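These features come from TrEMBL:
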| type | residues | note |
| --- | --- | --- |
| BINDING | Cys253, Cys258, Cys261, Cys269 | [2Fe-2S] cluster binding site |
| DOMAIN | 5-105 | domain 'FAD-binding FR-type' |
Amino acid sequence: MDNLYKSHPAKLVKIKIEAPGIKRFWFEPQTVLGREILKKCWPGQIIQLWLPGFGEAPFAPCQRPDGELLELCICQAGHITTKLHALKRGAKVGLRGPFGHGWPVHPESKILNYESRWKNQALKKNLLLIVGGLGLVPTRTFIEDIHDLWPQGKIQIFYGARRPDEMLFRQEFKRWQKNLGIDLQLTIDQKCAGWRGCVGVVTELFNYATCVKDANAFLVGPPVMYKFVLERLKKQCFEDQDIFLSLERRMHCAVGICQHCAVGPYYVCQDGPVFRYDEIKQISNAI
């Protein structure tokens, strides 16, 4: 039986500054088992990264791992992330996972090696992704494989950030629009020089652009955004069972033992981090 607490060694092979206070890291597994856990990682799932001498923290990959490299995009915000930002190429870390359940996949997808919690649910034709700030990190994993995961319908993204320089993966926006056919709508919190698009929080895009119909909605971003986005989705006649959210919680063990990430009867590390809205709607501390 696999030891779920055992970390597999990996080496930091590349670092790139993505935005102010945010870096991208590429880690190379050093063992066969380490490469195998990356191959199993699905969009929306999490990997536990162990920094020797400092501790462990959960991160969602920003690129679907191919088994050779794990790509993470990390904001410097706390003790462990500050130490991560100080790492140099060649540094050694540990990886374990993947944990939890990721995003649902459209029934017409040809990908057969993923067991979704909602595999028997009738999903809509189209897809609306509503993303705030760092929420684009786990969303990018889904976007890059969008033609395989959601092959038939229209894909629309509402993405909001505080400033243009804090928008992640900006160099990829044109490719997403041209090559992947994505309707990408952008907004920033406050007007600044050179910006000609929408200004306001991400819900302002409901007034700025025509929202796609007959769609499922995926929500990823700071918890404070969810309440207001849900209100706008209800006005657009989205049903509870058509909305999926990614929840953030502090988690230690990632295997459902420590209970740090409990949300009502659920554990974010095991049942989430992706939940259908009707599953958590009545839980007072969920959102």
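From the backbone N, Cα and C atoms, a Cβ is placed for every residue, glycine too.
Caution: TrEMBL annotation is automatic and unverified by curators.
DSSP states for the domain 'FAD-binding FR-type' (5-105), grouped as helix (H, G, I), strand (E, B) and coil, give 15 helix, 46 strand, 40 coil. Take the CB of Cys269 ([2Fe-2S] cluster binding site) and look out to 10 A: across all protein chains shown you find 26 other CB atoms. Take the binding-site residues Cys253, Cys258, Cys261: by the count of other Cβ atoms within 10 Å of each Cβ, the lowest one is Cys258. Other than Cys253, Cys258, Cys261, Cys269, the residues of this chain whose Cβ falls within 8 Å of the Cβ centroid of the [2Fe-2S] cluster site are, in sequence order, Met251, His252, Ala254, Val255, Gly256, Ile257, Gln259, His260, Tyr267, Val268, Gln270. Looking just at the domain 'FAD-binding FR-type' (5-105), the mean pLDDT is 93.
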